Amino acid sequence: MGKGDPKKPRGKMSSYAFFVQTCREEHKKKHPDASVNFSEFSKKCSERWKTMSAKEKGKFEDMAKADKARYEREMKTYIPPKGETKKKFKDPNAPKRPPSAFFLFCSEYRPKIKGEHPGLSIGDVAKKLGEMWNNTAADDKQPYEKKAAKLKEKYEKDIAAYRAKGKPDAAKKGVVKAEKSKKKKEEEDDEEDEEDEEEEEEEEDEDEEEDDDDE
């Protein structure tokens, strides 16, 4: 990914993110010359957040609401630079892209890693999962690969039916075209799958973080 547009509004922050920012500022004031062990610091913040009352969290939730309003207001007036591709519209009724074997593996092991290391960031959790997958034997990967292959097969049937709705000839043409360029299509699909999975993982992690905020 290239560098983003510097004029693009800063992303909105969650109540927990504001809390961590405040903790960091407090730590800097108390220990201006001390270096921070980020992993240890994150863990302490996470533990402290979980013991806070709803009233104590209220201040940070108000900050998050105000920041969300600021972000939405700025995005209304933000004009993307020329040449920047807009994200293609996704029909909510379209069949959902199937997860890859790695994504299925991540879904199974992510909660375990988060439970063992509650202070880890989204990026560190993803890195750990990647290392685990790379160190997994081919035989142990097979159940995930078989499940992913079945889901992909089902998706291809579902998407063909979805695209053929209202276009009777499209299904026939689609089958012939798919046979001719199946390899190319699979490569393109795999690339898109990876992008979608990254987005889905981020969304899942953000949702989980927001759930922690609400507790």
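Any Cβ shown, glycine's included, is placed from N, Cα and C.
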Stated Swiss-Prot location of motif 'Nuclear localization signal (NLS) 2', expressed as one of 10-16, 136-142, 178-184: 178-184
Among CYS23, CYS45, the one of these recorded positions whose Cβ has the fewest neighbouring Cβ atoms within 10 Å: CYS23
Intrachain C-beta neighbours of LYS7 (N6-acetyllysine), sequence separation six or more, cut-off 8 angstroms: TYR78, PRO81
Candidates SER35, SER100, LYS127: member of the modified residues with the richest Cβ shell (10 Å): SER100
Candidate recorded positions CYS23, SER35, CYS45, LYS127, pick with smallest Cα gap to SER100 (phosphoserine): LYS127
Rounded distance in angstrom between the Cα atoms of SER35 (phosphoserine) and CYS23 (cysteine sulfonic acid (-SO3H)): 14
